[in-house]
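Novice: Provided herewith is a single structure, encoded as structure tokens, for subsequent inquiry.
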Amino acid sequence: MQPLSQIRREYSQGHLTEASLLADPYAQFDKWMADAVEAGLPDPTAMTVATVNSQGQPSQRIVLLKDVMDGCFVFYTNLGSRKAQDLLTNSKISLHFPWHILERQVLVRGSASLLPRQDVQHYFSSRPLSSQLAAWTSKQSQPIESRDALLSRFEDTKIKFSDKDIPAPEFWGGFKIIPQEIEFWQGGEHRLHDRFLFSRENSSNWSIQRLMP
């Protein structure tokens, strides 16, 4: 393998310009997400979610974006997970969408709050049966002795709910992220990337700045 310091490539798929940038960051995000889906990217809704605990220790993990509604980015998770526990003590959050094939990325910085239970139940009911059962099976981030033990818990859960509707567990919920900043990055030749930062001024207005790469 060649040295890691020598692994690089040029970015040459295009430019993001003042003329092509949409004035609404949500519309720009929707356009880029549609481009990612159209390009056949695997897991185009996958995003890195960064949180910080009460001791100031950051953590990251990949989570799937499930909606953008009412100006908020939405995802769901076990409320006992590290990310949920972090957010319940420190609501600051960062999302990162890495669309490598398109030489694009989007950064979202803001604050998270819990979704209402009726929204959680509505989404939970739309999930595949196996995903509903898995949510009840897993005490996310807790130790377990083996995969066989996990599968045994899953089978027990299937029996428990074999003849009834499956409600959303109380320990499972969703978060909505209200962004304060949304940054769009397009790779450029000679590492002269295009970066535009939307910063929230109030509930409906954003300032826009081009940033140096």
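Placed from the backbone N, Cα and C atoms, the Cβ positions cover glycine too.
Pulled the feature table from Swiss-Prot, pasting it below:
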- R8, R9, E10, Y11, K66, Y123, R127, S131, R191, L192, H193: substrate binding site (BINDING)
- 61-66, 76-77, 82-83, Q105, 140-141, W185, R195: FMN binding site (BINDING)
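Relative to the rest of the structure, where do these features sit?
Specialist: Look at R127 (substrate binding site): DSSP puts it in coil.
Note: R195 (FMN binding site) has non-local neighbours E183, F184, W185, Q186, R210, L211, M212, P213, i.e. same-chain residues 6+ apart with C-beta under 8 A of its own C-beta.
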Novice: State which of the following binding-site residues has the fewest other Cβ atoms within 10 Å around its Cβ: R61, K66, R82, R191, H193.
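Specialist: Each of the binding-site residues R61, K66, R82, R191, H193 was scored; lowest Cβ tally within 10 Å is R191.
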Novice: For Y76 (FMN binding site), which DSSP three-state class applies?
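Specialist: Where Y76 (FMN binding site) sits, the three-state DSSP reduction gives strand.
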Novice: Cβ distance under 8 Å to Y76 (FMN binding site), same chain, sequence separation 6 or more: which residues?
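Specialist: Sequence-distant Cβ neighbours: K66, V120, Y123, F124, W172, G173, G174, F175.
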